[in-house]
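Engineer: Next up is a structure, given as structure tokens.
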Amino acid sequence: MKSWDAIVIGGGHNGLVNACYLQRAGLDVLVVEKNGWVGGAATSRELTPGFLYSNCSYVCSLFRPEIMRDLELPRFGLQVISYEGGAVFTRDGDYLANYRDHDAHRREFARFSRRDAEAYDRYSRDVTRQCRFIQPLLMRTAPDPTSFWPRDLGELLYLGRKFAGLTPEEMALTLRFWTMSISDFLDEYFETDVIKANFALSGIIGTALGPMSPGTAYVLLHHYMGEVDGSVGAWGYARGGMGAVTKALAASFQASGGTIRTGAEVDHVLIQRGRAKGVMLADGEEIYGKLVVSNADVKRTFLKLVEEKELPDVFLRRVRNFKIRGSSGKVNIALDSLPEFPALPKDSPVYRGDMHFTDSMERMERAYDDWKAGRWSADPFLDMVIPTTLDPTMAPPGKHFMSCFVQYAPPKVNGRDWTDADRDGFAESVISQIAEYSPGFRDRIVHMEVRTPREIEAEVGLTEGNIFQGELTFDQLLFNRPVPGYAQYRSPVTGLYMCGSSTHPGGGVMGAPGRNAAAEILRDLAKPTKHMSPAHDVI
Amino acid sequence: MNQLPTLDASAARAAAQSHFRTLRLGTPFQPRIDALARTNDWYNWAGYRAPHSLWDEELEYFAIRSQAALFDISPMTKYRIAGPDAEAFLNRVTLRDVTKLKSGRVHYTAWCDDDGFVLDDGTLFRLSPTRFRLCSQERHLPWLLDSATGFDVTVEEETEAVAGLALQGPTSFAVLRDAGFAGVERLRVFDLAEFPHDHGTITISRTGFTGDLGYELFVPADKALSLWDRLILAGELRGIRAIGYTALNRARLEAGLIVANADFTTSQHAIRADRLRMPDEIGLGFMVDLQKGHFNGRRAIQGARAKRRLRHVLVGLEIEGNIPAEHAIVYYRKSQEVGLVSAAMWSPMAKRNIAIASLARPFGDTVVDDLWVEIYAMRELQYQKLMKRAKVVQRPFIKLDRRTANPPADF
């Protein structure tokens, strides 16, 4: 019976990144994926003829360039098209745009507040300082503070030195930044509600917290650490949809000799005497491997794929208590023509960027209130993009694909499971919001896919549909992600590793968890890691 | 969805939307400058399309020193500060003693954050006992407004409303006189006065950024073109020429003047904490007036002086030879790295190779001997590496009597 060197459960971007690095180290790697396609939450699906849907993740920025380079993703077809702007529409028929040009950005803000327009530089300086502190940590395994291994001590020392290198003021700001609410943080710079709402959205995306909840400032930082081809902070569309990222990863993996099996759902991990031996598929087939890596989130991995008796009590309790709350949904729409927004000039670059309708902090917080009460938001927060304004490969000529990320959507509605009627009501809250700013919008809809946490969990496998595989709050970061003592991609089961976004440094289509996990696995196998680029310097 | 009241739409706000189509604005003088732009060599000055040069950067420089040069300073940030407490407010914000600045006078000043690090330098114009204009490189509206709490004062940005021109050079006085600005001969250095122009008034001050005889003129944007035409007409026989920034930058270096975010990094833009600078570290210590009472950054500056925690010093250097040492590293005994040159040129006026450099104390402060700069001169795709001796010298590098002569000379 064949025994693979490694079996990766789940063909999401982190599973594929991990598999690529292991395969390139000379291991014989198998990826098993339950769906009939790979991609996890980074997919492009033709759900109606002629239209490709980025039906989960929808924009690209965080993916680490070091990984793109190591795995030759440009050669395997990955192109990222950056966009130039975005906007929040205001209820008085205007909008507040974000432009890449510094002075255009300032003049745009000055339309609403001259003071806040000039406050942007200081805001930008402080956020940049924080990003520079965090960024080098993304591509390093977090130290285990309870360990006395030289490497852990070294990493702790690195962290300590970085922190000690800050001035007292910076230290104070860093601690505040990691723990405070995005609303409080923005109050230190801006006075105008719509300008604060404009920035606050990065603090709540994917998070079951409102803009006034502590911890949301860090989430904003997480969204600022990306780049597109060296342009720091830029966001873009993967040509061909987000599936292009995982398509390139799969092609890179297969080109180096790796094997992918789709339509192969894992029922559980085979464990013998505390050691992972392989996986059993839902149809009863057993596949053997010397080690198993799970791309699934920590809850799915240890509460569904591993028998409880194999795990220590404390670990199990912490996994159960890991916060991975469903907070968002998606409405993906095929349009027979480009929607019009009367507020926007026809030649505005905003059409090609991210659009929002939540123009005040209070509306944002109210939307969260609905979530707390177990309802989807009556007046939801949308992050809406039309990638086909820059990428003609996703829809027939003249037609468009629109992606709406929708917040908030609770994992259960009033304590019960989502029904189809709930799903339709959720979709209506989105469509009616868009239609309010875009007359005739409903008539342009050709096809629509609505994904509540129920659909996302069922298809993608993300527990409660949480896009980050766990909240990015400070209690669940660094050496506490996913749970204390297991932040280095290993688990209580020998030979069973984690490589998904539940692990450090967290969610988004970044690839760093998959890469860092591969480095730890290769270390355990005493294999060289010369094919892995170190993190870029931040000077 | 409609539980919240609709906000008031502002027609003016909606009308301003179209700015995204023009990323670099023209100044009120742009039609005249565009007509003279032979080189089409533009740069971005605070969101405006400004010329590096217009026709010949060498000759433009000589227009400053031998004729009269017209330079558009409209993109400079300008704040109108007025009210019964304007003097007290500015005394609190800036380093120098504003009570000593009389109406009709201008002074060069700087302001710091609460940690004593320099936010910017600029010029403060006292237009009347209660009205001021503050001109600077960077933007400071939030800082000024936040600092105004408790003062009876208004702060408004007037960069777009007020156009500005620098008229600099030996014939500049004669040009203004011939243009009919009666009484301009009475302006001494750092004086300002109002003059009638085109059914309105303009402000003329005897100030500038060249170390030469020169004036700055501030005019409402809608009267800008008529002022330009009036000066060009009057200056025709006095050699008046429009110039770009490259020429001006040379003149300012000869005058030993520093530029924010070129010779030092302003504190609101410094991402790296060790780039912050106190006034004493960039040659502006003379402005700090500890006698005048509290001002922003006072305690920090006093503390740093007492504890000798001033780590840098900005100096003028005279370097042997004639190869400019731009952005060269400064060494002590040819081996120990002690600083960096931020601006350098071979000065046609001083006939010397000059530079402004920031050094780590004690170098440039108490240790001034045995300093060297390493010049990487790119010549036909090869670096000619030169190690040249540098001498710390006083700024300005040139001193022109005509700058301060009263009455100004009629060239």
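Any Cβ shown, glycine's included, is placed from N, Cα and C.
TrEMBL entries are annotated by machine, without manual review.
So TrEMBL has the following annotated:
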DOMAIN    B:58-292  domain 'GCVT N-terminal'
BINDING   B:E216  substrate binding site
DOMAIN    B:314-399  domain 'Aminomethyltransferase C-terminal'
Engineer: According to DSSP, does B:E216 (substrate binding site) sit in a helix, a strand, or coil?
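Structural biologist: For B:E216 (substrate binding site) - judged by DSSP and reduced to three states - the answer is strand.
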Engineer: Using a Cβ cut-off under 8 Å and a sequence separation of 6 or more, which residues in the same chain sit near B:E216 (substrate binding site)?
Structural biologist: B:I73, B:G164, B:L165, B:A166, B:L167, B:I204, B:S205, B:T207, B:G208
Engineer: Looking only at the domain 'Aminomethyltransferase C-terminal' (B:314-399), what is the mean pLDDT?
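Structural biologist: Mean pLDDT for the domain 'Aminomethyltransferase C-terminal' (B:314-399): 97.
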Engineer: In the domain 'Aminomethyltransferase C-terminal' (B:314-399), how many residues does DSSP call helix, how many strand, and how many coil?
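Structural biologist: Summed over the domain 'Aminomethyltransferase C-terminal' (B:314-399), the classes give 0 helix, 54 strand, 32 coil.
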